Amino acid sequence: MNSNVENLPPHVLRLVYKEVSALAADPPEGIKIYPSEEDITELHTAIEGPEGTPFAGGIFRMRLVLGKDFPAVPPKGYFLTKIFHPNVGHKGEICVNVLKRDWKAELGLRHVLLTIKCLLIHPNPESALNEEAGRLLLEDYAEYESRARLLTEIHAMGGPGGTSGAPQDPNDGPQPKKHAGDPTKRAGPSAAAVPAALGNGANGASTTTSNSNSSSSSTNNVAGKKKADKKRALRRL
């Protein structure tokens, strides 16, 4: 959709800029505002799914588009996150009275956003764009709730629908592993421990060799003594 900045009078642009700045500084509860510096006539928002509804826990991205006749004509609203709701069409278009016959120029964008959030709490099946959702809401609420909850979990809970557009924190997710050749991350004894271990091994080997030599010398002495005693015994005979 093309920008309408050049089509709006300067005084209207000033009013829009003022209101959008106020919304960004003090947004309605449960709604985040993402104004565009390049196109003030298109306002992106993220709405938290209200508690007690099938949309609880989800983050639903939406945009408001101000036409060339704004504020005489209401803005158009679109859900960018897929949602199963009677008043949201398959292309994300929103059907709510404040964006149609109940619109007044003095209502402002804050009122529009709050009304759309309330629509998640109180759907209106009488003006349904999604006829299946409207029918289930009236005839089989359990099935409606189950379908709405399923789409919320798939599209609005941490998936592309709810978080796309926000940059991923580089600290999120698994971190890259250190290279196996990094000497600071190798497993095993420290550099200081290696010479000590080698030294202990050398001392151990030296001690073992010394003990072996002593034992051998002692054995030879005993054998020599026995031989001398045997010769003396033979002489006496």
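Heads up, the Cβ atoms here are built off N, Cα and C, so glycines get one too.
According to TrEMBL, the protein carries these features:
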DOMAIN    11-157  domain 'UBC core'
ACT_SITE  Cys95  active site, glycyl thioester intermediate
REGION    155-237  region 'Disordered'
COMPBIAS  187-223  compositional bias 'Low complexity'
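Helix, strand and coil residue tallies for the domain 'UBC core' (11-157), in that order: 59 helix, 25 strand, 63 coil [DSSP].
In this model, the domain 'UBC core' (11-157) carries an average pLDDT of 95.
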